[in-house]
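Student: Found this in Swiss-Prot, in case it helps:
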- 58-68: motif ''HIGH' region' (MOTIF)
- K183: N6-acetyllysine (MOD_RES)
- E561: L-isoleucyl-5'-AMP binding site (BINDING)
- 602-606: motif ''KMSKS' region' (MOTIF)
- K605: ATP binding site (BINDING)
- C901, C904, C921, C924: Zn(2+) binding site (BINDING)
Amino acid sequence: MSDYKSTLNLPETGFPMRGDLAKREPGMLARWTDDDLYGIIRAAKKGKKTFILHDGPPYANGSIHIGHSVNKILKDIIVKSKGLSGYDSPYVPGWDCHGLPIELKVEQEYGKPGEKFTAAEFRAKCREYAATQVDGQRKDFIRLGVLGDWSHPYLTMDFKTEANIIRALGKIIGNGHLHKGAKPVHWCVDCRSALAEAEVEYYDKTSPSIDVAFQAVDQDALKAKFAVSNVNGPISLVIWTTTPWTLPANRAISIAPDFDYALVQIDGQAVILAKDLVESVMQRIGVTDYTILGTVKGAELELLRFTHPFMGFDVPAILGDHVTLDAGTGAVHTAPGHGPDDYVIGQKYGLETANPVGPDGTYLPGTYPTLDGVNVFKANDIVVALLQEKGALLHVEKMQHSYPCCWRHKTPIIFRATPQWFVSMDQKGLRAQSLKEIKGVQWIPDWGQARIESMVANRPDWCISRQRTWGVPMSLFVHKDTEELHPRTLELMEEVAKRVEVNGIQAWWDLDAKEILGDEADQYVKVPDTLDVWFDSGSTHSSVVDVRPEFAGHAADMYLEGSDQHRGWFMSSLMISTAMKGKAPYRQVLTHGFTVDGQGRKMSKSIGNTVSPQDVMNKLGADILRLWVASTDYTGEMAVSDEILKRAADSYRRIRNTARFLLANLNGFDPAKDMVKPEEMVVLDRWAVGCAKAAQEDILKAYEAYDFHEVVQRLMRFCSVEMGSFYLDIIKDRQYTAKADSVARRSCQTALYHIAEALVRWMAPILSFTADEVWGYLPGEREKYVFTGEWYEGLFGLADSEAMNDAFWDELLKVRGEVNKVIEQARADKKVGGSLEAAVTLYAEPELAAKLTALGDELRFVLLTSGATVADYNDAPADAQQSEVLKGLKVALSKAEGEKCPRCWHYTRDVGKVAEHAEICGRCVSNVAGDGEKRKFA
C-alpha cells in the first residue's frame with residue numbers, strides 16, 4: 001500500500017503548543033530591553049496625535065501587590081491599544097518618594113533625625129531607601145510586560161521635580177489661595193504630625209460616654225424664656241460627649257435653631273434637652289419621675305450663657321446646623337480647637353480656637369492643675385472624676401464606636417488646632433471652580449462624578465503643611481513679629497527652587513537666610529514645615545507633565561487609579577491644577593475596584609488569602625495575569641484566586657491554540673506571491689474574513705470604551721465559536737488534501753493570513769508576550785514588533801446583496817448544529833464512529849432547500865459528512881429528526897456508502913477506480929496527480 005502522507009499539506013509551525021510563559025517571557029523581555037522596544041515605538045509614532053495617560057505614582061515602599069499589578073496592566077492595555085489606534089502614547093512611570101512611611105522605615109533602622117544622625121544625613125538615608133524601593137518595584141512592573149520609559153521615570157524626589165513642586169506652591173500663593181490659621185487637623189501623637197484625610201483609617205474604640213450639666217448663669221432669664229416661675233433647684237443645659245478630654249477646650253454649646261427644647265424638672269434641679277430626646281435621656285440617667293415645665297425653639301436660647309463645670313468661665317449657647325437628634329441630648333459640646341464642625345461654627349461666632357494639647361498628646365502646662373502633662377487618652381477618667389466632684393456629671397457609661405486612627409500606627413488620633421498652612425477652598429472661589437471643572441471631565445465609571453462632587457462640595461480647607469523631615473520644604477519666610485509672608489515671597493521661592501533644582505531639598509535647610517534676604521534676614525524666619533505628600537503627587541501635572549519633552553506641552557488625557565483615589569490623587573490634582581491654572585488636569589478619569597479573593601473577601605495577610613503577582617508570574621506567566629485583569633469587569637471588585645487564574649489559563653489555551661492553528665496552516669504561504677484576490681476566493685473563506693472584520697469592529701469599539709472584558713469575551717467568541725467550532729473544522733479537509741498551490745488551498749490560506757494579521761493585533765495590548773511570539777512566526781515582510789503598527793486594515797466581508805451573504809452562512813451554522821446533534825446521537829447509539837462515516841439527508845422547506853442546494857456537492861464539506869442530500873420537507877420519513885431551531889428542517893442519517901479513502905478519510909464509491917492510484921478516491925487522484933479539485937463555496 002502506498003503512503004500518501006507525503007502528498008498531504010500537513011500543518012507545520014515552530015510556534016510551540018505550550019505557552020511555557022513563566023520560562024519564555026523573561027527572554028522576550030530581555031530582547032525588548034536590548035532592542036529598546038519603547039524607543040522604537042516612540043520613533044514609529046513620532047508626529048501622530050497624542051494620547052497621554054499620566055501615571056499616578058505608587059509609593060516607593062515595599063513590594064508590589066496584586067492591586068499594583070491590576071493598575072499597571074490596565075494602564076499598559078490602554079497605552080498599547082491607543083498606539084495601535086494611531087496615537088503617540090508615551091508612558092512615563094513615576095514614584096511618590098517623600099513622606100512618613102519612608103521616614104518611619106529609616107527611623108526603625110537608624111533612629112529619629114537628630115539622635116544618631118543630623119537631619120541632613122537622615123534625609124540622605126531616606127533618599128537612598130526610596131531609590132532601592134523604586135528599583136525593586138520597577139523590576140516587577142517591567143516583568144508584567146508593561147512598556148514605558150523605565151530608564152527615565154519621574155520621581156517626586158528628583159531635584160528638578162522637587163523644585164517644580166515649590167514653583168507650583170508659588171503659583172497657588174500668587175493666585176491668592178494660601179492662608180495660615182490655627183485649625184484643628186487630624187493629628188497623630190505618635191507621628192507628632194498632622195495627617196492627610198487619606199492617612200486616616202477607622203477602627204472600633206471604647207470611650208466613656210457622658211452627660212454633663214452646664215449651669216445657667218442667669219437663671220431668671222431662662223425662666224422667662226420658658227415662661228415658668230416655679231423651678232426647683234438650678235437650671236442647666238445638658239451636653240453629651242464621648243471625648244471628655246476635650247472639655248478643657250470647650251468654648252460654647254451648640255443647639256439647633258429649629259428643634260424644640262424642653263425644660264425638664266427632675267429631682268432637685270431642672271435640665272434643658274431637645275424635646276424629642278427627653279425620654280431616651282431620662283432612661284439613660286435613670287430618672288423615672290420627671291415633668292416637662294415648658295418648651296421653646298433653640299433659636300430662643302442663642303447667646304444665653306452657661307458656666308463651664310470646672311474651668312471657671314462661662315460659655316454661650318450658639319446655633320449650629322451640625323446638631324442632630326441621632327443621639328445625645330440635642331446640645332453639642334463645642335471645642336473649636338478639637339473638631340472641624342466646632343471650628344467652623346467657632347469662626348462664625350468669633351470664639352477662641354483653644355488648644356491646650358501639645359504635639360505629643362499631653363496637656364500643656366497651665367491647662368488645669370490635675371491635667372497638666374497628662375496624655376489626653378489617660379485624662380478621660382480624671383475629667384469624669386472632676387465632673388463627679390463638681391456635681392455636673394449626670395451619667396457615664398462605656399461605649400464602643402468607630403474612631404479615627406493613624407494608618408501607620410493604628411493608634412487613635414486627635415483633632416488638634418495647630419498653626420498650619422491651608423489651601424483655602426473659598427477665599428478665591430477654588431471650590432466653585434473645581435465643581436465646575438468636574439463637569440467637563442469624563443468619569444469612568446460615571447458614578448465617579450457624583451462621588452468626587454460631594455467630596456469637593458463638603459471638604460474643608462486643605463491643610464498642606466506637615467511637621468516632617470523628609471519632604472519638600474514650603475520654602476517660605478515669615479516676619480518674626482507679624483508672622484506675615486515676606487512681600488517678595490514669589491521671587492524668593494523661585495530663588496529657592498533654582499537652588500533645589502541643583503542640590504535637592506537639602507538646599508533649603510542649608511540656606512542661610514542672609515544669602516537671599518540680605519539685611520532683612522534678622523526680621524524673618526524660615527518656615528520649617530514640609531508639604532503634604534499629596535501636594536507632591538497632586539502637582540505632577542505641572543512638575544512632570546508640563547515639563548517632560550515627550551509630552552510636548554500637552555495636558556494629560558487620562559488619570560487611572562483605584563477608586564480610593566477620588567479622595568486622594570484625583571482630588572489633590574484637581575485642587576492644585578484648578579488653583580494654579582483654573583482648570584482640571586485631566587480629560588478622563590478611570591477608576592478600578594479593589595482586588596478581593598474568590599469569596600469576595602478583602603485581601604489580608606492575616607486571613608492568608610493574598611495572591612502574589614510575583615508567584616503568578618513565576619508559575620503561570622505574566623500573560624495569564626494580564627488576561628485575568630482584562631477579562632474582569634474592573635468597575636466593581638476584582639476577584640482573584642487560584643481557581644479564577646486557572647480559568648484564565650484555560651481561556652489563554654483556547655486563544656493560543658487558535659493562533660497556532662493559523663500559523664501551522666500558513667506553512668509555505670508567501671503573501672507577496674500566494675495571496676488570492678477577494679473576488680476569486682472561496683465564498684466560505686470570504687465569510688471567515690468577514691467574521692474577523694465584524695469581530696474587529698466590536699473589539700476596537702470595546703478598546704475605545706475601555707471595556708476590556710468585552711474585548712476578551714469577543715475574542716473568545718471569535719476563537720471558540722466562529723473559528724473553532726465551524727470554520728477551522730471545515731477547512732481542514734481542503735487545507736490538507738487540496739493541491740498545495742491550488743486556488744482552493746491558497747484561498748483558505750489567504751483568509752487565515754488576514755485573520756492572523758488581525759488577531760495578533762487584537763491580542764497585543766492584553767497578551768503582549770504571546771502576540772509578540774505569534775508576530776515572529778507570521779509569514780511576509782513586516783516591522784520587527786507588532787506594537788509599532790496599527791490595527792489591521794486588510795479585512796473585507798461579504799456584501800449583503802450576494803446570495804451567499806452573512807445571513808446565508810448564519811443559517812448554515814444552524815443547519816450544521818442540527819446535523820451535529822443527529823450525528824452525536826448516532827455515535828452514542830454506535831451507528832457511526834466519526835461524522836465522515838455518515839451520510840445525511842436534509843428534508844427542507846423550499847426556501848431553505850434552495851439555499852442548501854446552492855452549495856451542490858460542497859454541502860457535505862460544510863457538514864463534515866461523506867454524503868449530503870437535500871430533499872422535500874414533506875417527503876421526510878418518520879425517523880427523520882425534526883429540528884428544534886429550524887422549523888422547516890428534518891434530518892435523516894444513514895451510514896455512508898462506499899469505502900474509506902485512506903488519504904482524505906471520506907467514504908466514497910470511487911475508491912480504487914484509477915489503476916495507478918488504486919487505494920484512493922477520485923477527488924484525491926485529481927489532487928495528487930491531476931489538475932486538482934475546484935471549490936467555489938466551501
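Indices start at 1 and increase along the chain as displayed.
Cβ coordinates come from backbone N, Cα and C, glycine included.
Source: prediction; values computed, not measured.
Quick one: where do these features end up spatially?
Tutor: Using a Cβ-Cβ cut-off under 8 Å and counting only residues 6 or more beyond its ends in the same chain, the motif ''HIGH' region' (58-68) has close neighbours at 95-97, 99, 101-102, 105, 130-131, 133-134, 136-137, 140-141, 155, 562, 594-595, 603, 610-614, 640.
A sphere of 10 angstroms centred on the C-beta of K183 (N6-acetyllysine) encloses 26 other C-beta atoms. Under the three-state DSSP scheme, K183 (N6-acetyllysine) falls in the strand class.
Neighbour count (other Cβ atoms within 10 Å of the Cβ, all protein chains): 21 for E561 (L-isoleucyl-5'-AMP binding site).
Using a Cβ-Cβ cut-off under 8 Å and counting only residues 6 or more beyond its ends in the same chain, the motif ''KMSKS' region' (602-606) has close neighbours at 65-67, 594-596.
Around the Cβ of K605 (ATP binding site), the number of neighbouring Cβ atoms within 10 Å comes to 7.
According to its DSSP assignment, C901 (Zn(2+) binding site) is coil. Long-range Cβ neighbours of C901 (Zn(2+) binding site) (same chain, at least 6 residues apart, Cβ-Cβ under 8 Å): Y907, T908, V911, E919, I920, C921, R923, C924.
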Student: What does DSSP assign C924 (Zn(2+) binding site), in three states?
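Tutor: Once the DSSP labels are grouped into three classes, C924 (Zn(2+) binding site) ends up as helix.
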Student: Quick check: of the recorded positions listed here (K183, K605, C904), which one has the Cα closest to that of E561 (L-isoleucyl-5'-AMP binding site)?
Tutor: K605
Student: Is it possible to get the count of other C-beta atoms within 10 angstroms of the C-beta of C921 (Zn(2+) binding site)?
Tutor: 28
Student: Here are some binding-site residues: C904, C924. Which one has the most Cβ atoms within 10 Å of its Cβ?
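Tutor: Checking each of C904, C924, the winner is C924.
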Student: For the motif ''HIGH' region' (58-68), what are the DSSP-based totals of helix, strand and coil residues?
Tutor: 3 helix, 1 strand, 7 coil
Student: Which whole-number value in Å describes the distance between the Cα atoms of C904 (Zn(2+) binding site) and K605 (ATP binding site)?
Tutor: 59
Student: Taking the Cα atoms as reference points, how far is K183 (N6-acetyllysine) from K605 (ATP binding site) in Å?
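Tutor: Cα-Cα, rounded: 38 Å.
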Student: So what pLDDT does the motif ''HIGH' region' (58-68) average out to?
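Tutor: Summing pLDDT over the motif ''HIGH' region' (58-68) and dividing by its length gives 92.
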Student: Can you give me the residues near the recorded Zn(2+) site, meaning same chain, not C901, C904, C921, C924 themselves, Cβ no more than 8 Å from the center of the site's Cβ atoms?
Tutor: T737, P902, R903, W905, H906, T908, V911, I920, G922, R923, V925
